[in-house]
There are 2 protein chains.
Amino acid sequence: MQVHDMPALAGLRVDGARLWNSLMELARIGATEKGGVCRLALTQLDKQGRDLFIAWAKDIGCTVRVDAIGNIFARRAGTRDDLRPVMTGSHIDTQPTGGKFDGNYGVLAGLEVLHTLNDNNVRTAAPLEVAVWTNEEGSRFVPVMMGSGVFAGAFTLDHALAQKDREGVSVRDALAAIGYAGEGVVAHDVGAYFEAHIEQGPVLEANDKVIGVVQAALGQRWYDVTIEGMEAHAGPTPMELRRDALLVAADLIREVNRIALAHAPHGRGTVGWVDVHPNSRNVIPGRVKLTVDLRAADDATLLAMDRALREACEQAGLPVKVDEVVYFAPQPFEASLVASVRESAHALGLTSMDIVSGAGHDAVYLARVAPAAMIFVPCKDGISHNEIEDARADHLEAGCNVLLQAMLRAANASEGEAA
Amino acid sequence: MQVHDMPALAGLRVDGARLWNSLMELARIGATEKGGVCRLALTQLDKQGRDLFIAWAKDIGCTVRVDAIGNIFARRAGTRDDLRPVMTGSHIDTQPTGGKFDGNYGVLAGLEVLHTLNDNNVRTAAPLEVAVWTNEEGSRFVPVMMGSGVFAGAFTLDHALAQKDREGVSVRDALAAIGYAGEGVVAHDVGAYFEAHIEQGPVLEANDKVIGVVQAALGQRWYDVTIEGMEAHAGPTPMELRRDALLVAADLIREVNRIALAHAPHGRGTVGWVDVHPNSRNVIPGRVKLTVDLRAADDATLLAMDRALREACEQAGLPVKVDEVVYFAPQPFEASLVASVRESAHALGLTSMDIVSGAGHDAVYLARVAPAAMIFVPCKDGISHNEIEDARADHLEAGCNVLLQAMLRAANASEGEAA
């Protein structure tokens, strides 16, 4: 069967049981007692996971290449290898108390797509690739999304290789220790990039939809805020003579929420971390530090939120210091690929909805250098980065079928376009 | 000179320089580099301070008795030893980073009063006593105000003796180790009790007054509050699907402030301690614990504040657990003694104002078993429990003169009243 025979290709379906079994088998490496996975980047457990992926990729006839930051690319030849590859992928490193699905699903869904094409003797025009990106989680080494970040030129290879974990081990040495220090980085152009992922949020479940058609990744601005008041005894200090830093902090926490609500539907604002000094029951807090995390789907909104936050801090009644510590630009996904995901879901008879990605993903960096899109499936109660992270086998299968169809469309569409 | 010669007695003045020098000499025991004092209860340094007090008391002809909880009573005989003693005192233990004046001033002002009477050959009808109460601060052993608490029957001697510090040393053993385990407790009635103390707050300074006429000690209700939300990722979780425990905490912090302001002038409300879980920059807080400290001058007000707090917690929008952990009843001081303090200040030409004590003092327990009153003098910037605690020599002298006059009036007034 060739890519041209679209009606026949539209009938192709992945093997949901095989996908599920591969997820469960990979989850054994670093399995935790509570049913989660602890497989930190570039550890011996990560090596075992990578080895398993490569063994599976070779079993289904792929060629495998590892680049200098340890990204793995399993390639299935097309009929026209002059075309740029249609790529999918994600990561297999986890949080210390991570789950079975975050990242792993995107990688193994990619392998399942290739497997399905083999089973049905389908050849695509463009080559297909499944990528395993190094250190997406950032639990052991920062920055997060390291492999895709280097691939997309967000930071340099040398910068990434020089980063060290808490024991002082560098990325360079950790890659060498597990035998995953390859050669070259970036190098190859990508015709289209898809990433299937559990939503890691509650939206699909709340709306009873199976497929999330991801339109964009939210931009992020993170801040460190310090409020200076005057430490004093709670007993002898009347209300009118206080300079209570926590009271101002409370108002800012509420204000961050107001700012987010004022920028619906995609504005988000969170205070997640608070440090109170001296943090004693009968002492009026003299200093409070807190973090602010603002997110929005476009830069104009994010900037308006930034201004509202700074204005609130200026009018807080006590001296407030605001330091911006992180900025990620909002990243829209490629309209034609997003439409293809939506149409694939529709053609498969699956319920779907447009959604944004509030979190970072390798696809966000890939979108800087290639047309990219993401496919979300629900996870139980929206919980991720947790050992109790869970997802339904039928949802994972459905997302994988959407990935299959979207990749086939892209591999067909790209036929006329030489690399 | 006898107590009856009131016009002559009204001209008596303490020796401010001698008082100041005694404060500075006692402050050398446990002196810190930053100019403060660290003399924890029942340590070897506390023993040195006690030994010095007793030496000074004997120098001026006092008899000295130590009771079973280590309280020291230096007694100056009256012309009629059948009368109940007029007592003053405070404590000489300090916070780990304490100052030179908290407690020490009340004890040494008492000795200075006796010294002044000796210098002027004044004999009083009732005996006078200066008490050094054990472990007022509660830094090493809890409960706080231990010596005066046992004296007033707030808790039993056995309970106090059984308490242990962080190293497992009991009060009983610590008293024995420094040779201050005396015999008997309470036993003697008190005709009147006065305590001179630095304000430990900013009210006198803000109002430019030298003498605080303390009408009452605020009652206190302390609470542990726990707010249960849902921990979730800040990125993928839209505002409308959140259960943010910190947002509810922020509203409660503001509400505690509102409750206090609604119960002016003496209502006080403080959140001093906050614990956020998991306290991570990009995670919506799933659980927040905080403390609430409510104070008021009368029980009806304190109860109204308690009800307002509980109502706010019930209407908070997330489950909130409220545990009351401490209750101290409001403690009015004896009207006639308070008036005597006010009149003494006036007669001395000192500026004064009525004030409440927001903090606990030994006098608060004494007021349960004897007529009692307090005299406050300003401390710099209202700062106490700090090595930079400071007070002016002329203010300390002024407060000591008020103490002298008030004690003389009481020792005269009590003449007709046998013990």
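Think of each number as a place in line: the chain as shown, counted from 1.
Cβ atoms are placed via backbone N, Cα and C, with glycine included.
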Additional site residue, A:His197, A:His233, A:His263 [criterion: listed by TrEMBL with A:His91, A:Asp102 for Zn(2+) 1]: A:His197
Further Zn(2+) 2 ligand in TrEMBL, beside A:Asp102, A:His385, within candidate set A:Glu137, A:Glu324, A:Glu334, A:Glu343: A:Glu137
Near-site residues: Zn(2+) 1, ref A:His91, A:Asp102, A:His197, CB cutoff 8 A to centroid: A:Ser90, A:Phe101, A:Gly103, A:Asn104, A:Tyr105, A:Gly106, A:Glu136, A:Ile198, A:His361, A:Asp362
Nearest-integer angstrom distance between the alpha carbons (Cα) of A:Asp102 (Zn(2+) 1 binding site) and A:His385 (Zn(2+) 2 binding site): 8
Interface-adjacent binding-site residues, chosen from A:His91, A:Asp102, A:Glu137, A:His385 when a CB lies under 8 A of chain B: A:His385
Local backbone state of A:His91 (Zn(2+) 1 binding site), from DSSP in three classes: coil
Local backbone state of A:Glu137 (Zn(2+) 2 binding site), from DSSP in three classes: coil
DSSP three-state assignment (helix, strand or coil) for A:His197 (Zn(2+) 1 binding site): strand
Cβ neighbour count within 10 Å of A:His385 (Zn(2+) 2 binding site): 23
A:His385 (Zn(2+) 2 binding site) versus A:His197 (Zn(2+) 1 binding site) - Cα distance in angstrom: 13
Close in space, distant in sequence - A:Glu137 (Zn(2+) 2 binding site), Cβ under 8 Å, 6 or more apart: A:Leu40, A:Ala41, A:His91, A:Asp93, A:Thr94, A:Gln95, A:Gly98, A:Gly103, A:Val144
Neighbouring C-beta atoms (10 Å sphere around the C-beta of A:His91 (Zn(2+) 1 binding site)): 28
